[in-house]
Amino acid sequence: MTDPATDTTRRNVHDHEVAKFDAAASRWWDPQGECKPLHDINPLRLDYVAQCLGGLEGRRILDVGCGGGLLAEGMARRGAEVTGIDMSKAALQVARLHALEMEVEVAYRQITVEELADSDEPRFDAVTCLEMLEHVPDPASAVHACARLVKPGGHVIFSTLNRNPKSYLFAILGAEYLLQLLPKGTHDWQQFIRPSELDRWAREADLVLRSMKGLTYNPLNQRYKLTDDTSVNYLAHYQHSPARAGS
């Protein structure tokens, strides 16, 4: 009998992507290791999420594609009630252990966002889905599932990479080959998502765009910052249409 926790044949999952994150799981919390870019951008991501939500204290938040728990733990430390989901069993094991060691409470589950949306899980105040959409075969499905998991008027925050020649130059050639910020093969440029594509899927799911910001990296000072340039990395804040409350 097939184990439902490992059967990905009919799920919105790339097995090879899960395998990559399984292999990197033990080094997830090493700020100087292959996950260094995530450590470097995490304060910016946390501040952006907090700003979009008007604070995290008391918010019930779902972190989709939580990996080893960098963002999930950060939100929990700021007072949010956080659930993190991922399909990498190894990454979740690391996330649980780190949260236990740091005495931070986060609920972690191995489940796809679509499966959670189909369950009787109570709706969340907000859903974060950062650096995840470019790693699944059907990102539109994930966007729709995220929208189904928030309360009427709830917030959904995405981050991903734009698909254009500049993003290939910076995110693939630059980040993976020249600067070696990420392991080679971390990203597939064909899986990158134009803001117009993300916005179309979001609008189909009754999500209204509230803000969009770019995330740029300066190799000279090795720092990231939020800008209005969305040509490579970008974050997008959506709110579920209040019309849903009456539906």
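Including glycine, each Cβ sits where the backbone N, Cα and C put it.
Residues annotated as S-adenosyl-L-methionine binding site in Swiss-Prot: R45, G65, D86, L130. Annotation note: G65 (S-adenosyl-L-methionine binding site) sits in a coil segment as assigned by DSSP. In the structure as shown, the Cβ atom of G65 (S-adenosyl-L-methionine binding site) sits within 10 Å of 23 other Cβ atoms.
Using a 10 Å radius centred on the Cβ of R45 (S-adenosyl-L-methionine binding site) and all shown protein chains, the other Cβ atoms total 23. Shown in sequence order, F21, G65, C66, G67, L92, A95, Y108, Q110 are the residues of the chain, 6+ apart in sequence, with a C-beta less than 8 angstroms from the C-beta of D86 (S-adenosyl-L-methionine binding site). R45 (S-adenosyl-L-methionine binding site) falls within a helix when secondary structure is assigned with DSSP.
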